[in-house]
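Annotation comment: Swiss-Prot describes 26-27, K78, 132-134, 183-184, M272, 288-289, 317-320 as NADP(+) binding site. Taken from Swiss-Prot, the feature K(+) binding site applies to G184, G186, C189, R192, supported by sequence analysis. The feature active site, thioimidate intermediate is assigned by Swiss-Prot to C189, with sequence analysis given as support. Residues or ranges marked as active site, proton donor/acceptor by Swiss-Prot on the basis of sequence analysis: T191. What Swiss-Prot lists as GMP binding site is D222, G223, G224, G245, G246, G271, M272, S273, R289, A290, S291, E292, G293.
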Amino acid sequence: MPTIENEPKLDFKDVLLRPKRSTLKSRADVDLVREFVFRNSKKKYVGIPIVASNMDTVGTFEVAESLSKKRLFTTIHKHYSVDQWMEFVNRISSNQDILSQIGISSGISDYDFTKLKKICGLIPELQYICLDVANGYSEVFVDFIRRVREEFPRHTIFAGNVVTGEMTEELILSGADVVKVGIGSGSVCTTRKKAGVGYPQLSAVLECADASHGLNGHVMSDGGCTNPGDVAKALGAGADFVMIGGLFAGHDQCGGDTVEKDGQKYKLFYGMSSDTAMEKHEGSVAEYRASEGKTITVPYRGDISKTVQDLLGGLRSACTYTGAKKLKELSKRATFVRVTQQTNEQYATFEISPSELQNLNIAV
């Protein structure tokens, strides 16, 4: 019979990190680099564990080139052809280190598996695979993880998405190294409206991280971050990686058409289960499906490097406030307080961007 879980589940908006005594003298003293050895692949990762989402408007080769300069990771979207992959590898031939900070994404069809084998065979330096479905609870998905693990025993596998501890354990035991956590939390996802299914992201990360770490596995919080503070909360809750879509949208390096409205530039950004994505990549929305994503216009934001600086600065600040000398220590130092209000919004409607400020005529 139907049941109700009465324990409250929390999202990033429901909490703040409590400040704690700190010996740090400057944000510059914080070490954001993490090192992991993965459970199944046995491979070592070194970098800053912020990951660009494998959406076709975010997980682009151009984004990967920019983020790798700061040791951030990119999961390349699955719609690039084999030829496009080879063109990219040839273009970065003088800087092959980029390949250590990117992963190839794949669906779970036989076609996807064949394409994955071909690309990984042509590019042996590519060591990360992201297996991505909206619903990570299906037996078909678990079987596909086992199939990929058998074919690629030394590759590191990201797999998801799920939101509960028992399924996190299932995916890890089936061959995944990093489980992606999040259903319905993305900025352009409408699964919670269309299907009524989901889980508040902070609680999902807390529970899945606990399950994963008990097996020496790892988790990646995917979705729900609206600002750098949310990224810090996800890491404080136990996420080893944080995947970002909306915060990285709208930049020069991103996909999505550029449009103009009222003299202002915007870029299209859409969910990968939206009408826009399905019509672009599959020709139409299948008659048995409903769109579970939306299409929006994001104000044009220029080069992605400024957003990266803002994210990393926010993380360093979170660490100094909580007394974490290294990002590794943040989850050990984190105490969350439940709140009814995040920020003072008195002048929110009057806020202007740096570019708007430059265009103002200052009265003398």
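All residue numbers here begin at 1 and follow the chain in the order shown.
Just so it is clear, glycine is given a Cβ too, placed from its N, Cα and C backbone atoms.
Everything Swiss-Prot records as a feature, shown here on the structure.
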residue: K78; record: NADP(+) binding site; Cβ contacts under 8 Å, 6 or more apart: N54, I104, S105, S106, G107, D112, D132
residue: V133; record: NADP(+) binding site; Cβ contacts under 8 Å, 6 or more apart: G107, I108, F141, G160, N161
residue: C189; record: K(+) binding site; Cβ contacts under 8 Å, 6 or more apart: G223, G271, S273, E292, G293
residue: R192; record: K(+) binding site; Cβ contacts under 8 Å, 6 or more apart: G184, G198
residue: D222; record: GMP binding site; Cβ contacts under 8 Å, 6 or more apart: S53, G160, N161, K180, V181, G182, S185, G186, M243
residue: G224; record: GMP binding site; Cβ contacts under 8 Å, 6 or more apart: D11, F12, G182, S185, G186, Q201, D230, A234
residue: G246; record: GMP binding site; Cβ contacts under 8 Å, 6 or more apart: G186, S187, V188, C225, T226, F269, V298
residue: M272; record: NADP(+) binding site; Cβ contacts under 8 Å, 6 or more apart: M55, D56, G293
residue: A318; record: NADP(+) binding site; Cβ contacts under 8 Å, 6 or more apart: L17, P228, G229, A232, G236, A324, L330
residue: T320; record: NADP(+) binding site; Cβ contacts under 8 Å, 6 or more apart: S22, L24, S26, R27, V30
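Reported as a whole number, the C-alpha separation between I183 (NADP(+) binding site) and T191 (active site, proton donor/acceptor) equals 8 Å. Using the Cβ center of G184, G186, C189, R192 for K(+), the list of other same-chain residues with Cβ within 8 Å runs, in sequence order, G182, I183, S185, T190, T191, G198, G223, E292. G293 (GMP binding site) falls within a strand when secondary structure is assigned with DSSP. Cα-Cα distance from S291 (GMP binding site) to the residue listed as 'active site, proton donor/acceptor': 9 Å (rounded to the nearest whole number). Under a cutoff of 8 A between CB atoms, and with a sequence separation of 6+ in the same chain, the neighbours of the residue listed as 'active site, proton donor/acceptor' are A134, I183, G184, V197, G198, S273, E292. T191 (active site, proton donor/acceptor) falls within a helix when secondary structure is assigned with DSSP. Mapped onto three states, the DSSP output places K78 (NADP(+) binding site) in coil.
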